[in-house]
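K.L.:
My questions will all concern the structure given below.
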Amino acid sequence: MATPAPAPAGAAAAASPSPPPQLPSPYAELVKSPSGLEKIILRGARNCCAEVYLYGGQVTSWKNDNGEELLFLSNKAIFKPPKAIRGGIPICFPQFGTHGNLEQHGFARNRFWSIDNDPPPLPVNPAIKAFVDLILRPSEEDLKIWPHRNTNIDGRPFSYTFAYHTYFFVSDISEVRVEGLETMDYLDNLKAKERFTEQGDAIVFESEVDKVYLSAPSKIAIIDHEKKKTFVVTKEGLPDAVVWNPWDKKAKAMQDFGDAEYKNMLCVEPAAVEKPITLKPGEEWKGRLALSAVPSSYCSGQLDPLKVLQG
């Protein structure tokens, strides 16, 4: 490794520019968005692609082979820190909602993440060629309010809540049903977190919904009848699932959300809410979300999380 020569006596040493982040895949491209924020474009087969902002470490777009957008992003989303981006997949950490003393949904969604050039090894899927690893490095301010890491290197345990606040784009919320959560217990956030049991054979939408389903299964299906499309949500390390749609009244009260946009979105969020994740000294936690879509208007039985939408 070459060592730079020292600056002459009495001269100020010029700061060396930081090397640009190295993307791990030739199918990934780092670009600046119109807002000036950096994002990574991941390109797959044909027109399949995804976009990930370094701000929030947030996926904001996921398109299938036909170039059809599968995630919801509000037309009024604000791409200006410290405001969180409305749509895509915000990461709620180390707090979901108001379940703690930190700001709403924690701080991970409105911090700048960086590309991790030396990520821990993960299972390799040779079919996946476009990928990126991001890491959230704590600032001094973050450490003041959250002096922990995802691997507990401290001498005492700590706890946190978490969610992938996933916004799905749907054709018409009144034509959507969610399967896999029937008979599940849930906390109703519209009724002071009172506990109920889901009675229907599927969840349908006629008004505002804000529920935390407890000990939810690892696979959940979101069926869009009008588009004849089913999203499959597969989760690991996240026992709960949040289902949310603000409906008309709350939509009108949000600055970064269109008055009628509730008709075309649904949040189904793998989460750990009721029982916070507790890490003992030396322990590590992993939470995983996998999304796929299949061209069908009805799903039942075992769902294949690796099947991707072909049309």
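Just so it is clear, glycine is given a Cβ too, placed from its N, Cα and C backbone atoms.
All annotation found in TrEMBL is predicted automatically rather than curated by experts.
In case it's useful when we look at the structure, here is the feature table from TrEMBL:
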ACT_SITE  H165  active site
ACT_SITE  E269  active site
BINDING   R86, Q104, R109  substrate binding site
COMPBIAS  1-16  compositional bias 'Low complexity'
REGION    1-25  region 'Disordered'
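Provide an account of the burial state, proximal residues and distances for the features listed.
P.N.:
For E269 (active site), the number of other Cβ atoms no farther than 10 Å from its own Cβ, over all displayed protein chains, is 26. Reduced to three states, the DSSP call for E269 (active site) is strand.
In this view, R109 (substrate binding site) is surrounded by 22 other Cβ atoms within 10 Å of its Cβ, with every protein chain counted.
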K.L.:
Can you check which residues sit near R86 (substrate binding site), meaning Cβ under 8 Å from its Cβ, same chain, 6 or more apart in sequence, and list them in order?
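P.N.:
Spatial neighbours, sequence-distant, of R86 (substrate binding site): L73, S74, K76, A77, I78, M254, D256, F257.
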K.L.:
Can you grab the distance from R109 (substrate binding site) over to H165 (active site)? Cα atoms, rounded to a whole Å.
P.N.:
10
K.L.:
Calculate the distance in Å between the alpha carbons (Cα) of E269 (active site) and H165 (active site), and round it to a whole number.
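P.N.:
Per the Cα atoms, E269 (active site) and H165 (active site) stand 5 Å apart.
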